[in-house]
Amino acid sequence: MRVVNASQMKQIEKNANDMGITYYQMMENAGMCVADFVRKNIKDFETKIILILTGTGNNGGDGFVAARIIKKFGGNPLIMMVDGPPKTIDAIKNFNKAKDCGIEIITFEKDKSIPIIWGSDAIIDAVYGTGFHGELNDNIKSLFSAISDSDAIKFAIDIPSGVDYSGEISDGAFKADFTIALDSLKNAHMKENTFENCGRVVCADIGIPEECHKI
Ligand SMILES: NC(=O)C1=CN([C@@H]2O[C@H](COP(=O)(O)OP(=O)(O)OC[C@H]3O[C@@H](n4cnc5c(N)ncnc54)[C@H](O)[C@@H]3O)[C@@H](O)[C@H]2O)[C@@H](O)CC1
Ligand SMILES: [K+]
């Protein structure tokens, strides 16, 4: 199994982009892999409410794609933006596509949003990925704390939010049952102390050709 650090992953993605597999296409592939994994790991998928938590970066972009494809598969996605609207070009494009296909998109509001957590059968964490560093803010910590107490099955895209690339865990980090690592495992997935946050880690092929990994 391939394990990479932050700068190696950036280089791999750049190599793919230079070969014509655009960052936008990689995001589409990532969202597809997540939607497919979620569909296969939820019993009676079509009857379940799947809450997708999105952040402002490309991890959130993966979440917007996953929501759209979950809907295409016949599922019931609901998007909650927990850190404001998307800021990167590709995430904005996918936010618009999710909106255009009729998915409800709401904004996290402390206290008001907690009943939505209790009503969700599955939760996908697309708040922060490899771009996270530092500490989680108190609102997000309280959200993740409520999620930890819920019975929903929990998925994290790439890295659980609040765990940084190297495996440093900030207070209140997301605790997933499954983490869908994109393309390669990162150092964080290999650390014993992140097990409680990552749960079972699977690695998704997001269409990056083998030769792009020669760095
Ligand atoms: N670059 C690429 O080619 C691809 C990236 N992908 C996804 O993109 C992710 C990385 O995306 P980004 O680099 O946009 O980063 P993220 O989406 O992980 O997060 C970046 C955002 O989080 C904010 N942030 C970081 N630490 C914070 C803190 N402590 N408190 C509050 N806000 C904080 C940053 O200011 C920034 O707005 C990957 O994990 C993966 O999920 C995939 O779409 C596949 C392709
Ligand atoms: K995440």
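The backbone N, Cα and C atoms fix where each Cβ goes, and this holds for glycine too.
G60 ((6S)-NADPHX binding site) counts 31 other C-beta atoms within 10 Å of its own C-beta, drawing on all protein chains shown. In three-state terms derived from DSSP, G60 ((6S)-NADPHX binding site) belongs to a helical segment. Among the features that TrEMBL reports, (6S)-NADPHX binding site is placed at N58, N59, G60, G61, D62, G129, T130, G131, F132, H133, G134, E135, D158.
The K(+) binding site feature in TrEMBL is assigned to N59, D125, S161. Secondary structure from DSSP puts D125 (K(+) binding site) in a beta strand.
Under the heading domain 'YjeF N-terminal', TrEMBL lists 9-214. Across the domain 'YjeF N-terminal' (9-214), mean pLDDT in this model comes to 97.
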For K(+), what surrounds N59, D125, S161 with a Cβ no more than 8 Å from their Cβ centroid?
L53, G55, G60, G63, A126, V127, Y128, G129, F132, A156, I157, D158, I159, P160, F174
Measuring Cβ to any atom of ligand 1 with a strict under-6 Å cutoff, which of the binding-site residues N58, D62, T130, G134, D158, S161 qualify?
N58, D62, T130, G134, D158
Rounded to a whole angstrom, what is the largest C-alpha distance between any two of the residues N58, N59, G60, G61, D62, G129, T130, G131, F132, H133, G134, E135, D158 that the record assigns to (6S)-NADPHX?
22
